[in-house]
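S.K.: Quick one: the structure is below, questions incoming.
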Amino acid sequence: MESSASCLPGFFMSFLLLQNTVLTQAMRSDIKINIQVPDTEGLLLECTSGSLIPPAEMTWRDSNGNIIPHSTAFNSQDRDGLLYLKSSILLKNRAKGPITCSIYNVTTNQEKKRSIVLPDALFKSENMSLMSNKFSCPSIYLITIIFLNFLRGILVFCCLRRKPVCFRNLMSTVMEALYSKMGVCCLLIWECLLLVLYIAFLPIYVSFRSRAFLLDDTYPLYTNWLWNICIILTVIMVLFPGLILCLLWTLNCYGQVSSLPPTSMELSTKDSEQNSSKSDDSQENYDVNCKILETCESKIFSQHQESCEDDTASTLFIS
């Protein structure tokens, strides 16, 4: 009797420990609530929980305790016989107070809850468009930047991989054709497009960030600081390339102006040298002609003098 009586407390302790283990095992899994925005018509709340001992049921309740009918429900069991529950509800109007997802286990008569408070700002159309799964402007922006960088990488790879001379000739031909048709604007767009996209990232980010809702008292301060940083960076990134372009343009114009006087002086010196050489040649020709004329005159004079002497001699001989 004494030995059997001494075993009863241990038996009851083991039974209570096992019962507590079963109760804990039945509700050991956490409840997770996710918020999704399939479109701009409402919010989709999704509640999931797993590793539950069947049977168990999942219900949604509002702040007044009223049951909210679920839009979709799903349950499954794994190999160990544990239950996995998933259900969702679609809220199109603003909810006052918390929304509760509860799981009730029939076997253990135990209930576990998880609540979520939805701010009114989440039901605004502009905030829904930020959280929706639709193709948004930031996605288009990022895809454009990735595509342009990918295109530039392909061009550089082709230039370094195969026949760089032919590729450079082709690119120079294309750039000359574009320059002849569209002028300097095309070159500026080609060179500055990525820079403009990088500069435009900050205003786009801030505009979307300001439309988001944060449960933080310092959010306005953070937004103002971010706007100031955005303005400063934008001014710097626009001002310095503008100054560099103006400096290059000024140096180019100054170089062209400074190159004009030496060119005119060289032309004048060349002309004077040519004129002097021509005058020297003409003077030499004149001297040669003068010498030729003098020799001819002297010859003619000598011949005439000889003929006169012959005539005089013949006259005297006849007489």
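A Cβ is built for glycine as well, from the same backbone N, Cα and C atoms used for every other residue.
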S.K.: Would Swiss-Prot put Asn228 and Lys96 on one side of the membrane?
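M.R.: In Swiss-Prot, Lys96 shares its side of the membrane with Asn228.
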S.K.: Of the residues Asn105, Asn127, give the one that Swiss-Prot describes as N-linked glycosylation site.
M.R.: Asn105
S.K.: Per DSSP, what is the residue count of the domain 'Ig-like V-type' (27-117) in each of helix, strand and coil?
M.R.: 0 helix, 56 strand, 35 coil
S.K.: Measure from the Cβ of Asn105 (N-linked glycosylation site) and count the other Cβ atoms within 10 Å, all protein chains considered.
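M.R.: Other Cβ atoms found within 10 Å: 19.
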